[in-house]
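J.: Dumping the structure here so I can ask a few things about it.
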Amino acid sequence: MAERFRGYLPVVVDVETGGFNSATDALLEIAAVTIGMDEKGFLFPEHTYFHRVEPFEGANIEPAALEFTGIKLDHPLRMAVSEESAMTDIFRGVRKALKANGCKRAILVGHNSSFDLGFLNAAVARNDLKRNPFHPFSSFDTATLAGLAYGQTVLARACQSADIDFDGREAHSARYDTEKTAELFCGIVNRWKEMGGWRDFND
């Protein structure tokens, strides 16, 4: 894996939020999927981390955002944790995957990845978290990759074009969207390999 992406480990991330502004709007859910590589050089989704997150103090939450995601903040089974706890757990898992794969840093993979990376970086700054394993500004965007591979930029349509089952009723859950984005990313990279677009020159 370390040689496939120049020492970077792809980690798929999706966030659900209280709006579009990472500085002022609440982070409500975050999920991350680490990516593995088999002995033939093909990628696969490896491990999922998921947390519902308590809005930080003073966070803005737009009613339209809750309506869009279907998140119910007062649901008795929501069992949300603090931003710090959620990020610390995910970072711990990512660092473990980095070590296992011989990679030096994680690179965020997301569908419209700048949005997810912006909220991740804002949570890191708010909580003064050290040892953030993610590259601070580089990312892989599956909206771009899917546009190239399938002519589709919407996640559901891209998955359908890639023959990945996608249930619209489950969409806008960070866990579901992250796992589907991980399948999409692995599928595109693996398809490129099958077409001869990448070879392991150490073979």
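Each Cβ is built from the backbone N, Cα and C atoms, and glycine gets one as well.
Copied straight from Swiss-Prot:
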- 11-185: domain 'Exonuclease' (DOMAIN)
- Asp14, Glu16, His172, Asp177: Mg(2+) 2 binding site (BINDING)
- Asp14: Mg(2+) 1 binding site (BINDING)
- Phe20: site 'Important for substrate binding and specificity' (SITE)
- Phe68: site 'Important for substrate binding and specificity' (SITE)
- Phe115: site 'Important for substrate binding and specificity' (SITE)
- Phe137: site 'Important for substrate binding and specificity' (SITE)
- His172: active site, proton donor/acceptor (ACT_SITE)
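Tell me about the setting of these features in this model.
T.: According to DSSP, Asp14 (Mg(2+) 2 binding site) sits within a strand segment. Residues near Asp14 (Mg(2+) 2 binding site) in space but far in sequence (CB under 8 A, at least 6 apart, same chain), listed by position: Ile30, Ala31, Gly110, His111, Asp116, Ala174, Asp177, Thr178, Thr181.
Its Cβ placed at the centre, Phe20 (site 'Important for substrate binding and specificity') has 12 other Cβ atoms within 10 Å. In the three-state DSSP assignment, the secondary structure recorded for Phe20 (site 'Important for substrate binding and specificity') is coil.
Counting Cβ atoms from all protein chains shown, Phe68 (site 'Important for substrate binding and specificity') has 11 others lying within 10 Å of its own Cβ.
Sequence-distant neighbours of Phe115 (site 'Important for substrate binding and specificity') (same chain, six or more apart, CB under 8 Å from its CB) are Val15, Phe20, listed in sequence order.
For Phe137 (site 'Important for substrate binding and specificity'), the Cβ neighbour count at a 10 Å cut-off comes to 10, with all displayed protein chains included.
His172 (Mg(2+) 2 binding site) counts 16 other C-beta atoms within 10 Å of its own C-beta, drawing on all protein chains shown.
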J.: To the nearest whole angstrom, what is the C-alpha distance linking His172 (Mg(2+) 2 binding site) and Phe68 (site 'Important for substrate binding and specificity')?
T.: 8
J.: Taking just the CA atoms, what is the gap between Phe137 (site 'Important for substrate binding and specificity') and Phe68 (site 'Important for substrate binding and specificity') in Å?
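T.: Given the Cα positions, Phe137 (site 'Important for substrate binding and specificity') is 27 Å from Phe68 (site 'Important for substrate binding and specificity').
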